[in-house]
Amino acid sequence: IIYPGTLWCGHGNVSSSPDELGRFKHTDSCCRSHDMCPDVMSAGESKHGLTNTASHTRLSCDCDDKFYDCLKNSSDTISSYFVGEMYFNILDTKCYKLEHPVTGCGKRTEGRCLNYTVDKSKPKVYQWFDLRKY
């Protein structure tokens, strides 16, 4: 399913070339960049010492953070809002990054950790992290 007015926002894309964008160009550009993230983990794949047990692809936190910021700064406010809601709030996925071992959660809202506490005395390892709510 691709969000109406876009070619890149949804499962896969329906563009005829990497340069083609839909009617909502700003939103679609955010989705295209997100789709081209160089660090992804497909469903069932293991990488960086982690295994993606979700039924969908998960991305590095760097790519998801850039996607979030891109959508928030898009001039296509309505389409960006709906795409952000779907990805960050409804899909309720996680991202991964290299960070000192998590020891707890300093602040939690709606079942998601917003502020992790880490043990800086130990070396960084790849771990799963909750995404921000949109």
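Backbone N, Cα and C define each Cβ position, glycine as well.
If you check Swiss-Prot, you get these features:
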ACT_SITE  HIS34  active site
ACT_SITE  ASP64  active site
BINDING   TRP8, GLY10, GLY12, ASP35  Ca(2+) binding site
DISULFID  CYS9-CYS31  disulfide bond
DISULFID  CYS30-CYS70  disulfide bond
DISULFID  CYS37-CYS63  disulfide bond
DISULFID  CYS61-CYS95  disulfide bond
DISULFID  CYS105-CYS113  disulfide bond
CARBOHYD  ASN13  N-linked glycosylation site
Query: Which residues of the same chain, at least 6 positions away in sequence, have a Cβ lying under 8 Å from the Cβ of GLY10 (Ca(2+) binding site)?
result: ILE1, ILE2, TYR3, CYS31
Message: Highest Cβ count within 10 Å among the disulfide-bonded residues CYS9, CYS113: which residue is it?
response: CYS9
- line: Apart from the site residues TRP8, GLY10, GLY12, ASP35, the 8 Å Cβ neighbourhood of the Ca(2+) centroid comprises ILE2, THR6, LEU7, CYS9, HIS11, ASN13, VAL14, CYS31, ARG32
Task: Can you tell me which recorded positions out of HIS34, ASP35, ASP64 are within 10 A of ASN13 (N-linked glycosylation site) by Cα, answering none if there aren't any?
output: ASP35
- prompt: Which one of the recorded positions (GLY12, CYS37, ASP64) has its C-beta surrounded by the most other C-beta atoms within 10 angstroms?
  reply: ASP64
- line: Simplified to three states, DSSP reports CYS61 (disulfide bond) as helix
- request: Spatially speaking, which of the recorded positions ASP35, CYS63, CYS70 is closest to CYS95 (disulfide bond)? Use C-alpha to C-alpha, please.
  value: CYS63
Task: Identify which of the disulfide-bonded residues CYS30, CYS63, CYS95, CYS105 has its Cβ surrounded by the largest number of other Cβ atoms within 10 Å, counting every protein chain shown.
output: CYS30
Field: Cβ neighbours of TRP8 (Ca(2+) binding site) where a neighbour is any other Cβ within 10 Å
entry: 25
- prompt: For ASP35 (Ca(2+) binding site), what residues in its own chain, 6 or more apart in sequence, show a Cβ-Cβ distance under 8 Å?
  reply: TRP8, ASN13
- prompt: ASN13, CYS31, HIS34, CYS61, CYS70: which of these recorded positions has the highest Cβ count within 10 Å of its own Cβ?
  reply: CYS31
